[in-house]
Amino acid sequence: MDTLADDEYWMRHALILAQRAWDEGEVPVGAVLVQGGKVIGEGWNRPIGQHDPTAHAEMMALRQGGRVLQNYRLLDTTLYITLEPCIMCAGAMVHSRISRLVYGAADAKTGAAGSLVDILRHPGMNHQVAITSGVLAEACSTLLSDFFRMRRQQQKAARAAGNA
Ligand SMILES: [Zn+2]
């Protein structure tokens with residue numbers, strides 16, 4: 001079993017990847033897939049740049065994990081994400097058979113790991129994923145709120161420039 005210190009260590013890794021999304025102008029969400037203390041997948045949110053509605057951080061991490069393991073089943077892995085996954089990504093986690101999900105900030109609007117719906121612990125699901133939530137939640141949610149504040153300010157500045 002991973003300790004809280006391990007979880008925080010990997011969540012900091014995911015936060016660095018989230019920053020990469022920010023640097024590319026994407027909503028800052030990062031994900032890292034770990035097996036036996038080793039990184040086998042990394043991802044950061046990039047749907048805009050990739051013109052791909054499925055290019056969420058955790059989808060990228062799962063895809064890379066599959067390539068590394070040469071297997072579409074990602075057994076005995078833990079996925080760390082800075083933000084609670086959406087329905088699509090939670091579905092992909094069930095398909096991939098990850099063992100455990102650790103996420104930072106909850107997402108009241110679209111979270112599919114308990115906030116809006118709970119795909120991963122639905123009693124009818126044939127695969128159950130253990131969930132730990134709220135790891136470095138403050139840092140994860142601050143990154144997101146800082147990003148959206150920055151974007152609102154940019155939009156306001158652009159509007160002001162347009163009216164000048
Ligand atoms: Zn998603």
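We number each residue from 1, going along the chain as drawn.
For all residues, glycine too, the Cβ spot is worked out from N, Cα and C.
Taken from TrEMBL, the feature domain 'CMP/dCMP-type deaminase' covers 5-116. Summarising the annotation, TrEMBL assigns Zn(2+) binding site to His56, Cys86, Cys89. The active site, proton donor annotation in TrEMBL covers Glu58.
In terms of DSSP helix, strand and coil, the domain 'CMP/dCMP-type deaminase' (5-116) has 46 helix, 26 strand, 40 coil. In sequence order, Ala57, Glu58, Met59, Pro85, Ile87, Met88, Ala90, Ala92, Ala112 are the residues of the same chain, not among His56, Cys86, Cys89, whose CB sits within 8 A of the CB centroid for the Zn(2+) site. For Cys89 (Zn(2+) binding site), the same-chain residues 6+ apart in sequence whose C-beta sits under 8 angstroms from its C-beta are His56, Glu58, Met59, Ile81, Ala112. Long-range Cβ proximity for Cys86 (Zn(2+) binding site), meaning a same-chain Cβ under 8 A and a gap of 6 or more residues, is found for His56, Asp107, Thr110, Gly111, Ala112. Cβ neighbours within 10 Å of the residue listed as 'active site, proton donor', excluding its own Cβ and spanning all shown chains: 33. Using a 10 Å radius centred on the Cβ of His56 (Zn(2+) binding site) and all shown protein chains, the other Cβ atoms total 27.
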